[in-house]
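Now, the feature entries from TrEMBL:
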type	residues	note
TRANSMEM	76-103	transmembrane segment
TRANSMEM	115-135	transmembrane segment
TRANSMEM	141-161	transmembrane segment
TRANSMEM	173-196	transmembrane segment
TRANSMEM	208-231	transmembrane segment
TRANSMEM	264-285	transmembrane segment
TRANSMEM	305-322	transmembrane segment
TRANSMEM	334-357	transmembrane segment
TRANSMEM	377-395	transmembrane segment
Amino acid sequence: MLLLAIATFVFALFTPAKTTWWKDYWHLLTHQTYLIHDFFEVAGPSATFVNLALHFGVAYYLNVRNNLTHLTGFQLAAIGIFAGHSLFGTHLLNILPIILGVILYARKSGQSFKLYTSVSLFATCTAPTVSYLMFASGGLLSVLTGFIFGIGLGFITPPLAEDFLKFHQGYTLYNIGFTGGVIGLFSYACLRYFGLEIPSAQLVSTTAHNYILVYLISICLLMLILATVGLDDQDFKTKFIKLNRRVGRLPDDFVIKYGRRTTFFNMGLLGMVYLSLLLVLGIRLNGPTAGGLLSVIGFAGFGKHLRNTLPIAAGIILAAYFSDKSFASIGFALSLLFGTSLAPIAGYYGILVGMIAGFLQFNVAQSVIDLHLGLSLYNNGFSSGFVAAFMIPVLENFNWRKASSIE
């Protein structure tokens, strides 16, 4: 991970605006980050890749600091979605207070922060609230207010996430995404009470950086696949078949169950397929779409595979096709990638139910963003919690079960 951070930083120095990246990065730090603010549009490619490199560095430090050097699937998922949102929402100023809040919660509850390291990365989904409070009105008091509020957000996320898991029964992989959405809802309500409004925004890069992202993501995925070559594992094929029969319901750690080789291959394969799908559908690669792809890759170690994600994707594509949404729209692209959080539903109940879940997810995600106005970055995680909570009781009532999957 440290090598990845260094390589990403070096790559940033070979992109446009490399001589002014530090000025651009300061602009990124002091800019609003609620959905949707594409950092490639806000600060340019060099500063954005520096931000990505710093996120890899933070994840590396936290894991090494807590003696978590042997990566699990849960850690891979956390790092993937954490790194992904560094392209459109999180930076050092708005994530550090939240991570500190999780540390304080661990101490207050008498537990080691080691148990909450990955949770602290997920918890940064509410980082836009921190940025909003820090820079909406300006001044040192605003910065201090945002910092303290961020600590509070980090402090309340772990206990809420633990309880909210019961709401959807583990059928959405983005449990903290649902948690962050609820926190964002209450944060927005408080801000409105004090007369603070959040103007809608959709800053998305449409020029200049496609080739850079395609190259970078393609190389990363290729390396993931090549990394499996030469590892001594005679049962790779059997393990990979078993992995693709998994339901994927939380918690389902592929590294622990099937080892690194099988998991890395799944990550590379899933990433390549979804990158190809984006390009075939004519979706431009930018901060949000690249971030979504990194999230898909990360969760390929913790619940996602082709068999349980493609039905969700098919349902989302059908929903967009029968609506007035263009495949080129950023809303569709984000639903296509992050909507795969509902993979456990397809894994447990089969293709048809998975497609229905995807269809519902596309529509619900368009509606729930009005509840928090982008103060939580995991909007599709928020909506997927409602979709799962709605569908599971109905399906259980009809005893709908696909028996060929492995729990």
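Placement of Cβ uses the backbone N, Cα and C atoms for every residue, glycine included.
A TrEMBL annotation is a machine prediction, not a hand-curated record.
Note: the stretches the transmembrane segment (76-103) and the transmembrane segment (141-161) are in contact (3+ CB pairs below 8 A, sequence gap of 6 or more). Note: the stretches the transmembrane segment (115-135) and the transmembrane segment (377-395) are in contact (3+ CB pairs below 8 A, sequence gap of 6 or more). The recorded stretches the transmembrane segment (173-196) and the transmembrane segment (305-322) do not share 3+ CB pairs below 8 A when only pairs 6 or more apart in sequence are counted, and are therefore not in contact.
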